[in-house]
Each structure stands twice: as structure tokens, then as C-alpha cells.
Amino acid sequence: MFTLAEVASLNDIQPTYRILKPWWDVFMDYLAVVMLMVAIFAGTMQLTKDQVVCLPVLPSPANSKAHTPPGNADITTEVPRMETATHQDQNGQTTTNDVAFGTSAVTPDIPLQATHPHAESTLPNQEAKKEKRDPTGRKTNLDFQQYVFINQMCYHLALPWYSKYFPYLALIHTIILMVSSNFWFKYPKTCSKVEHFVSILGKCFESPWTTKALSETACEDSEENKQRITGAQTLPKHVSTSSDEGSPSASTPMINKTGFKFSAEKPVIEVPSMTILDKKDGEQAKALFEKVRKFRAHVEDSDLIYKLYVVQTLIKTAKFIFILCYTANFVNAISFEHVCKPKVEHLTGYEVFECTHNMAYMLKKLLISYISIICVYGFICLYTLFWLFRIPLKEYSFEKVREESSFSDIPDVKNDFAFLLHMVDQYDQLYSKRFGVFLSEVSENKLREISLNHEWTFEKLRQHVSRNAQDKQELHLFMLSGVPDAVFDLTDLDVLKLELIPEAKIPAKISQMTNLQELHLCHCPAKVEQTAFSFLRDHLRCLHVKFTDVAEIPAWVYLLKNLRELYLIGNLNSENNKMIGLESLRELRHLKILHVKSNLTKVPSNITDVAPHLTKLVIHNDGTKLLVLNSLKKMMNVAELELQNCELERIPHAIFSLSNLQELDLKSNNIRTIEEIISFQHLKRLTCLKLWHNKIVAIPPSITHVKNLESLYFSNNKLESLPTAVFSLQKLRCLDVSYNNISTIPIEIGLLQNLQHLHITGNKVDILPKQLFKCVKLRTLNLGQNCIASLPEKISQLTQLTQLELKGNCLDRLPAQLGQCRMLKKSGLVVEDQLFDTLPLEVKEALNQDVNVPFANGI
């Protein structure tokens with residue numbers, strides 16, 4: 001036999017799951033326990049006390065002799081007297097042998113003493129008293145075993161089946177209801193989600209960050225109220241400062257909120273301070289944010305928990321209706337008296353028996369109690385169904401939490417996640433409020449901000465400040481959760497680089513950085529406060545923005561009216577959005593340099609907004625063919641133009657309209673012919689032409705018309721010779737024809753009296769003409785990776801030479817006349833070590849002498 005505790009364990013759940021048990025589930029659990037007790041009590045009573053006692057229905061007295069077995073009349077008349085006789089036991093107590101229906105008829109062949117053991121002691125007493133009693137009751141002439149047989153037969157035939165099986169049915173129904181109530185806690189696919197949810201919910205509820213976030217919200221509200229009250233008064237109140245020191249306060253939001261703190265002397269405005277969480281608590285809180293984010297993504301995908309709860313509620317309701325329908329019909333069927341016709345007349349001599357059921361009254365009361373309990377249970381099930389279908393439980397809104405707190409970004413959730421939160425609200429709404437804190441990105445960012453400021457102190461940031469190539473103080477922050485507050489205390493910083501900081505916020509404190517003129521935002525769509533924007537608008541001179549999509553460019557970038565240089569690096573023409581473009585640049589009134597590295601198919605028309613004052617335009621197109629360049633015609637004030645990696649095949653005609661153009665760079669295109677170069681004669685200010693890294697095979701003679709050229713770059717092309725027209729450019733100072741197929745240097749090179757830099761590296765030159773050394777102003781002469789066999793002694797005429805490259809040639813020695821190149825030092829001489837060793841000792845010593853030595857001696 002099982003105990004109540006063993007069966008009731010079906011209704012047990014983990015204590016932590018109680019937060020998901022609304023009042024109706026708890027009430028139904030208790031009702032189920034009561035029904036279980038009723039069923040077990042009824043079953044126990046039935047097993048131990050249940051009896052049916054039957055008596056035959058005797059014929060009328062006139063016919064009684066007809067039913068008396070012949071030859072036994074005398075004996076049977078004496079048996080009743082003997083059966084009701086009394087005797088005293090050894091202790092002197094009087095007992096009565098009550099076996100009215102348990103004796104059998106005595107036959108003449110069997111002694112009376114053998115049939116009744118007590119007759120030996122009772123008969124002498126009876127004979128002594130000589131009392132003769134008349135028989136009482138009516139004779140049935142049935143044996144004890146016959147009565148037992150009849151009782152058993154009538155128990156199964158005359159007794160209604162429900163009277164016999166009610167306890168077992170009640171037990172089975174109750175167990176089914178218990179299992180149905182808690183099946184969603186046991187089913188693996190839902191149990192795992194519920195377990196994770198309860199675990200995360202408990203940690204969120206106990207997290208110090210939840211308490212701190214809620215207290216900061218309350219503090220913010222009180223600060224705002226204080227500001228409104230203070231603003232309405234003409235005179236400041238003198239408030240003790242001790243009460244404000246212990247209260248937590250929120251960090252500065254996007255629109256700066258400052259709290260007021262008054263001293264006894266005068267009111268002082270202060271930014272509320274922030275208490276730093278313990279490092280361990282901060283790490284745990286950050287882990288909770290990650291867990292909540294992953295759990296939400298996992299649970300919101302399905303509504304299995306909701307459907308299972310609805311199904312089990314429907315099952316319980318159907319079970320209630322079924323139980324109520326068939327049990328109500330059997331209440332009146334349970335009675336104390338029953339008429340039994342077992343058809344055993346051939347065994348007992350009687351056809352009809354009158355029976356009594358001793359448990360009838362108890363079973364009837366228990367059944368009525370069970371029906372009453374199941375009715376209450378059913379009404380609760382109906383209420384549960386009403387609640388399930390009246391409210392959209394697959395949607396949960398944190399609107400009330402958003403109104404009561406500063407976390408207005410707490411998202412609404414759906415499906416199983418929403419249903420679980422609705423269930424928690426039936427237990428305690430405070431759980432959902434605290435849980436919502438971990439769904440807020442604002443809350444997570446605040447936590448990151450606290451941890452970040454705790455980790456990146458002023459001293460640590462000072463250690464990361466370095467000097468860049470322009471000798472400016474530079475700080476580079478990479479892959480942080482935000483911008484530490486201590487950064488804005490580095491007032492002497494010139495350059496600030498923020499890379500891969502998606503939640504970067506620039507507060508008003510940046511106005512302290514009076515030396516800041518250059519800002520780099522690499523995949524960092526920074527947000528700025530109004531005060532910070534005003535400072536950047538007036539002081540920022542150079543801005544670098546690197547992005548993946550044009551949407552990552554902060555909107556405030558286009559409003560920096562004092563910006564001088566803007567560098568945009570990213571995708572401005574993605575495959576999914578062909579119409580992507582820059583916003584209006586009209587507000588950039590002082591922009592001088594615009595650098596765009598992207599994949600444009602046409603020059604953005606918005607660039608014309610800055611045409612009146614733009615002096616340098618750079619477009620690096622990363623191999624995407626630039627088809628439309630008509631907008632360039634409007635860039636009348638551009639002095640420097642770079643169109644690199646634009647897959648240009650010819651020099652664009654739009655360039656010839658740029659009358660103020662001084663430098664043109666068409667690097668890394670697909671230009672093969674430059675016959676249009678004659679049109680450059682109209683660009684009177686053009687001094688530098690860079691056509692390097694193309695596929696040019698020849699320089700047309702018409703280049704001689706571009707008389708103002710001072711720098712000419714044709715490196716990394718396919719030139720095989722240099723036309724004499726090049727050497728008619730008397731103003732030429734730099735000529736770069738490196739990495740071509742040039743085999744000879746024309747003697748006309750001596751005409752370039754102003755030539756200072758000559759680069760012929762990576763060609764096939766084997767002889768250096770003597771006329772080359774007439775270019776006495778040469779400072780750089782790169783002759784590496786050629787076929788030169790000897791270096792003429794006239795190298796001594798190049799007294800201003802500071803760099804000479806000879807590495808990769810066929811030289812076997814160096815002339816001693818190198819010593820007469822007084823400006824040339826070993827650091828500027830690029831040659832093999834064995835060739836350097838061929839120089840005389842005094843020449844090597846002269847080359848090894850530091851240029852700064854004479855100046856050092858003179859100090």
C-alpha cells in the first residue's frame with residue numbers, strides 16, 4: 001500500500017519554480033491534495049471496513065414447515081436456545097455465544113457435544129435449571145459458509161459498481177489532474193527553458209546592479225524634481241551637503257543632466273557622482289546581460305511553453321467536465337439497503353436476499369465532498385482559460401517599467417518569453433521590473449561605462465599617449481565598450497583616435513580639451529551631447545571617419561562649420577543599396593581637403609557644395625570604375641586632384657576645366673595612352689603630374705607644351721624610352737621613371753639644370769651619360785636594379801647629392817671621387833657592403849662622419 005506522501009509527490013515541483021505558479025495553480029494544487037486525501041481515505045476504509053451483510057427473504061409463517069428439512073425438527077428447535085445460551089469463563093465474566101446464522105442443522109447421527117464444544121458445559125446448567133425457552137427469530141436453515149457465499153455474491157451483483165470503485169477512480173482522476181498541472185515543469189523541451197529562465201531571473205533579482213540601477217532611477221527623478229523646485233525660486237536654499245553625499249546618482253546622459261548641490265556660502269552646480277560597483281559584481285552583471293540576451297533570442301523563437309500550458313489547462317477542464325457528468329448520476333445510486341437475486345436457489349434454497357452496505361453513508365458523503373471539490377477545481381480551470389484567451393499572453397510590454405524608470409529602451413518581448421513574464425507577474429511584478437533592467441541597452445551601457453572608468457584611469461590613459469609623426473600628442477583607443485571619462489581630462493591631447501567603439505559617446509567634458517584639433521572615428525558612430533557638439537563645431541580642424549555603411553557616419557559630421565579636412569573611408573555604393581550617397585556638405589563652409597576612399601561609380605554631386613572653398617580632392621576607388629566625372633567641372637578652386645584606382649583608361653576631359661589645378665595624381669588606373677596631355681597646356685598652374693602605376697607605353701612629344709611642370713612621375717609603367725621632349729621642361733625638378741623598360745638615358749638630360757631628384761630604379765640602363773652630371777643640383781639619384789657596370793668619376797660634380805642608390809647593378813668598385821660629394825653620407829648611400837669596402841679609407845671615414853658633428857662642435 002502506498003502512502004499519501006508518495007502519491008502527493010506527483011504534485012511537487014522544485015521550490016524555485018514557485019515564481020511561475022499563479023494563485024490558481026497553487027489553489028488547484030491544494031485542492032488536488034485534498035482530493036487525493038479523500039480518495040486514499042475512501043480506499044482505506046473500503047479495504048478495511050467494507051462489508052455487505054445479506055439475509056434471505058423468508059416465505060410467510062404458514063409455509064415455514066414446508067421449508068424445514070425432514071427429520072430434524074426437534075434438533076433445530078433446540079439449536080437456537082443453545083446458541084443464545086450464556087456461560088461464564090474462567091474469569092467469571094458472562095459471555096454469549098452469538099452465532100445466530102453461523103450454525104448448521106444438527107443431524108441425529110452426530111452427538112450434540114461434538115457439534116458444539118460448549119454444549120458440554122452449558123447442558124448440565126440447563127438441565128439443572130430445567131428451563132425451556134421458545135425459539136426466537138425465524139429459521140433460515142442456512143450454514144455459515146452459505147451466508148459468506150451469499151454476501152460475496154451480492155457484493156458483486158447487487159451493489160452498484162460505483163460504490164465499489166469510487167475510491168480508485170477518484171485516485172486515478174486526481175493523479176491525472178496532478179500530472180496535468182505540472183507537466184510543463186517536467187517535459188524536457190519546456191523544462192530546460194523554464195529552468196534557465198528561473199535561474200537567470202533569480203540572479204537578476206539578486207544582482208547588485210539591479211538595485212543600483214533602480215536607485216539611480218529614483219535619484220534621477222528626485223534630482224529633476226529638485227531642479228524644478230529650485231528653478232521656481234528666486235533665492236537658492238542653503239541645504240546641508242552631508243545628505244547628498246551618500247545618495248547615488250546617474251551618469252550624464254546624451255542631453256547632460258546636472259544635479260545641484262548647495263553649500264552654506266553659495267549654490268554650486270555639480271555633475272552627480274557615480275558609485276563604482278565592485279569589480280566582481282560588475283563582471284557578474286555583464287555576464288547576466290549576455291545570458292539574458294542569448295536566452296531571449298532562444299526563447300522568443302517559439303511558443304511551445306504557452307501552447308503546452310494551454311493544452312494542459314484544457315485537459316484539466318475536460319477532465320473536470322467528464323468527472324462531474326458521470327459522478328453526479330451515481331450519488332443517488334449509493335444506498336444502505338439492496339435487494340439481491342443471485343439465482344442460487346439450488347444452493348441455498350432461497351431466491352431473494354435483503355442486503356445492507358455498511359459503507360454506503362460514508363461513501364455518499366465522500367462522493368459529495370469530492371464532487372464539491374472538483375466543482376471548485378473546475379471553476380478555477382474555467383477562470384484560467386478565460387485568463388489565457390482574454391489577454392495576449394504572447395506579447396509582453398514593459399511600458400509601465402519604461403514610464404517609471406529612465407530605461408526607456410526596454411524592448412517588448414513575445415512568444416514564450418512574454419508568457420513566462422506574465423506568469424511571473426502573477427507571483428510578484430517586482431521580478432519583471434528588475435529583469436527588465438537587464439533587457440535595456442542603456443542599462444548595459446551604464447554598467448559598461450562604470451566598469452570602463454574603473455579600469456581606464458587617468459594614469460593608465462596617460463601611459464598610452466604617444467607622439468605621432470607630426471610630433472603631436474596622440475591617444476589611440478581600440479575595441480573598448482565606450483570612451484572612458486578620464487580621456488577628457490587629457491587637456492593637452494592633440495589627436496584622439498577611437499576605433500571599433502560602437503557605443504562611443506562624447507560628453508560635454510570634451511570642451512576641456514582645448515588643444516584637440518584632430519579626431520579619428522574608425523567604425524565608431526559616436527554620439528555627442530549638445531555642448532560637446534558646439535565645442536567640436538568651433539575647434540575641430542581634421543576629422544577621419546572610417547565606416548562600413550554610410551549610415552555609420554554621424555549626422556553631426558556634416559555640421560562642423562570650422563572643419564578644414566575630412567577623410568571618409570568606407571562603402572558608399574553597396575550592392576544592396578545603389579542610391580547610397582553623402583548628405584549635404586553645405587554646412588562645411590571652411591572645408592579645404594576632402595578625401596574619399598570608397599567604391600563610387602560617379603563623383604558625388606554633393607561635393608559641389610564645397611566647391612567654392614575646396615582646394616584638394618582625393619578619390620580612392622578601390623578598383624571600381626569611375627564612370628561619371630561631370631561634377632569635377634564645378635571644382636574650379638581645386639589645386640590638388642587625386643583619382644586613384646578608378647579604372648580610368650584615359651585622362652578625363654573634365655580635368656581640363658580645372659584652371660587652378662596645380663597637382664594631378666592618376667595613380668593605379670588603366671591608362672594606356674596619354675595623347676590628351678596636350679590639353680594640359682591650358683592649365684597654367686599645373687606643376688606636378690603623376691601618371692604612375694599605369695600601362696603607358698610612350699610619352700607623347702606634346703608634353704613639351706606643359707612648360708610649367710616641375711614634377712613628373714611615370715614609374716611602374718611600360719616605357720621603353722624617354723623622348724627628348726621631356727628634357728625641354730626647363731622647370732622640371734623631379735623626374736621618376738622607375739620600374740619601366742628604359743635601356744638608355746638620352747644625353748639631353750643635361751638640359752635639366754633645375755633637376756634635383758632623378759629616379760631610374762628598376763630599368764635596363766647600362767651606361768650613364770656624362771651629360772647627367774651636368775645636373776649639378778641633383779640631390780637624389782636612384783640608379784638601383786639596373787645594368788650599370790661603372791660609375792663615372794664625374795660623380796664628384798654632384799656636390800649637393802644627399803642620396804645615391806646603386807644597389808643591384810654590375811659594379812665592381814666605387815670611384816674615390818665620391819668623397820667630393822660632401823653632402824653624401826653613408827646613410828644616404830644605398831650600395832652593397834663589399835662595394836662600400838672598395839672605397840679608400842679616408843672616403844669611408846668622410847661618409848661615416850655625422851652631418852651634425854660640425855654643428856655640435858660649434859655649440
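Cβ atoms are placed via backbone N, Cα and C, with glycine included.
Within the set Cys54, Cys688, Cys734, the cysteine that Swiss-Prot bonds to Cys355 via a disulfide is Cys54.
Membrane topology taken from Swiss-Prot puts Leu20 and Ile150 on opposing sides.
Around the Cβ of Cys54 (disulfide bond), the number of neighbouring Cβ atoms within 10 Å comes to 25. Most Cβ pairs under 8 A with the transmembrane segment (310-331) among the ranges 23-48, 165-183, 362-387 are made by 362-387. Annotation for Cys355 (disulfide bond): spatial neighbours Val52, Val53, Cys54, Leu55, Asn151, Cys154, Ala158, Leu159, Glu337, His338, Val339, Cys340, criterion Cβ-Cβ under 8 Å with sequence separation of six or more.
Within its own chain, the repeat 'LRR 6' (637-658) has Cβ neighbours under 8 Å at 611-626, 629-630, 664-674, 676-677, 679-680, 682-683, 685, counting only residues six or more beyond its boundaries. With a threshold of 8 Å between CB atoms, the same-chain residues lying at least 6 positions outside the repeat 'LRR 2' (539-560) that come near it are 499, 514, 516-523, 525-528, 533, 566-572, 574, 580-585, 587-588. DSSP assigns Cys355 (disulfide bond) to a strand. Across the repeat 'LRR 6' (637-658), DSSP helix (H, G, I), strand (E, B) and coil residues number 5 helix, 5 strand, 12 coil. For the repeat 'LRR 7' (660-681), the list of distant contacts is 636-651, 653, 687-700, 702-703, 705-707, 711: same-chain residues at least six beyond its ends, Cβ to Cβ under 8 Å.
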